[in-house]
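Participant: Heads up, here are the entries from Swiss-Prot:
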- HIS155: active site, proton donor/acceptor (ACT_SITE)
- LYS159: active site, proton donor (ACT_SITE)
- GLY10, PRO11, ARG12, GLY13, ARG14, MET15, GLY99, THR100, THR101, ALA125, PRO126, ASN127, PHE128: NAD(+) binding site (BINDING)
- LYS38: NADP(+) binding site (BINDING)
- HIS156, GLY165, THR166: (S)-2,3,4,5-tetrahydrodipicolinate binding site (BINDING)
Amino acid sequence: MKEIKVIIAGPRGRMGHEAVLLMERTEHFNLVAAVDYKHGGEKISDLPGMPALDTPIYADLHTCLEEVEADVLLDLTTPEVGKQHVTLAVERGLRSVIGTTGFTEEELKQLTETAKEKAVGTIIAPNFAIGAVLMMKFSQMAAKYFQDVEVIELHHDQKLDAPSGTAVKTVELIRQNRESKQQGHPNEVEQLKGARGANVDGIHIHSVRLPGLIAHQEVMFGGDGQMLTVRHDSFNRASFMSGVKLSIETVMNLDHLVYGLENIID
């Protein structure tokens, strides 16, 4: 396979660290630069626990793009920074794979239009774990037969957004096969505000944040005399790397924006 030159934004994070290791062990990936506002001017090898790579680190993406030629930006930063990075990448005609979440419908619409106008491949993935993508697809299928559903997503206590992008995407897919329906008693009253979680067309989403967790989600469907639970667990961040690899390889052949890995797997 032809070499793919990659820039990683956010190499110090746990996902970023796994992505650097992925670059090192994948023959056709070439990590040409990284972006980290705290370590501009250093090298990947200068960061604790990193492999001995001479890859330069830039303090900001704009400067990096002025000095480095790349094929793909892999962004694993925070929601706000990720939004800035993907906007800049699309405007510059650089393909990007975005692992941050928190995009609004309007932001996604604008990015989709710009990516189409520039004919630049972009993938925004709420979850890179193939198992999580299958969980979402299975939940979408089940929604045809079970109209009563609630979502419980559980993540580590350092996660910045709630609900998770995976939960939001799951509900979006379920809604495609389910008419709006209020789940629970029509006259129910929350004795404590928020006790029933977020409500999207009658689908309740509950967010749990605790140390010891990584990324987990249960989609619970209820019916007369039965329940169906679809669950996925990521026990470490290595579980996301197969999806990262697939996304980087796939985005090279795209000329538009794709939201969600379920749209690129068979």
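Here the Cβ of each residue, glycine as well, is placed from N, Cα and C on the backbone.
As the structure is a computational prediction, the values presented were derived from the model and not from experiment.
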Participant: From the Cα of THR166 ((S)-2,3,4,5-tetrahydrodipicolinate binding site) across to the Cα of LYS159 (active site, proton donor), what is the distance in angstrom?
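Facilitator: Checking the Cα atoms of LYS159 (active site, proton donor) and THR166 ((S)-2,3,4,5-tetrahydrodipicolinate binding site) gives a distance of 13 Å.
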Participant: List, in sequence order, the same-chain residues at least six positions removed whose CB sits under 8 Å from that of THR101 (NAD(+) binding site)?
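Facilitator: Correct list: PRO79, PRO126, ASP161, SER164, GLY165, THR166, VAL168.
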Participant: I'm trying to understand the geometry here, so how far is the Cα atom of ARG14 (NAD(+) binding site) from the Cα atom of HIS155 (active site, proton donor/acceptor), in Å to the nearest whole number?
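Facilitator: Distance between the two Cα atoms comes out at 14 Å.
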Participant: Among the recorded positions listed here, ARG12, ARG14, LYS38, HIS155, HIS156, which has the most company in the form of other Cβ atoms within 10 Å of its Cβ?
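Facilitator: Per the Cβ count within 10 Å, the most buried is HIS155.
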Participant: Drop a 10 Å sphere on every Cβ of the binding-site residues GLY10, GLY99, PRO126, GLY165 and tell me which sphere holds the fewest other Cβ atoms.
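Facilitator: Looking at the binding-site residues GLY10, GLY99, PRO126, GLY165, the Cβ with the fewest others within 10 Å is that of GLY165.
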Participant: Would you kindly give the Cα-Cα distance separating the residue listed as 'NADP(+) binding site' and ARG12 (NAD(+) binding site), rounded to the nearest Å?
Facilitator: 10
Participant: For GLY10 (NAD(+) binding site), which of the recorded positions LYS38, HIS155, HIS156 has the nearest Cα in space?
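Facilitator: Of all the candidates listed, LYS38 is nearest in space.
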Participant: Whole-number Å only: compute the distance from the Cα of LYS38 (NADP(+) binding site) to the Cα of GLY99 (NAD(+) binding site).
Facilitator: 20
Participant: From the centroid of the CB atoms of HIS156, GLY165, THR166, the recorded (S)-2,3,4,5-tetrahydrodipicolinate site, which same-chain residues not already listed sit within 8 A by their CB, in sequence order?
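Facilitator: Result: THR101, PRO126, ASN127, GLU153, HIS155, LYS159, ASP161, SER164, ALA167, ALA215, GLN217.
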Participant: What Cα-Cα separation, expressed in whole Å, is found between GLY99 (NAD(+) binding site) and the residue listed as 'active site, proton donor/acceptor'?
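Facilitator: Per the Cα atoms, GLY99 (NAD(+) binding site) and the residue listed as 'active site, proton donor/acceptor' stand 15 Å apart.
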Participant: Can you give me the Cα-Cα distance between the residue listed as 'active site, proton donor/acceptor' and PHE128 (NAD(+) binding site) in Å, rounded to a whole number?
Facilitator: 15
Participant: Cβ-Cβ under 8 Å from PHE128 (NAD(+) binding site), same chain, 6 or more residues apart: which ones?
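Facilitator: Once residues fewer than 6 apart are set aside, PHE128 (NAD(+) binding site) is near GLY99, PHE240, MET241, SER242, GLY243, VAL244, SER247, LEU261.
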Participant: Which of the three DSSP states, helix, strand or coil, fits GLY99 (NAD(+) binding site)?
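Facilitator: The residue in question, GLY99 (NAD(+) binding site), is coil (DSSP, three-state).
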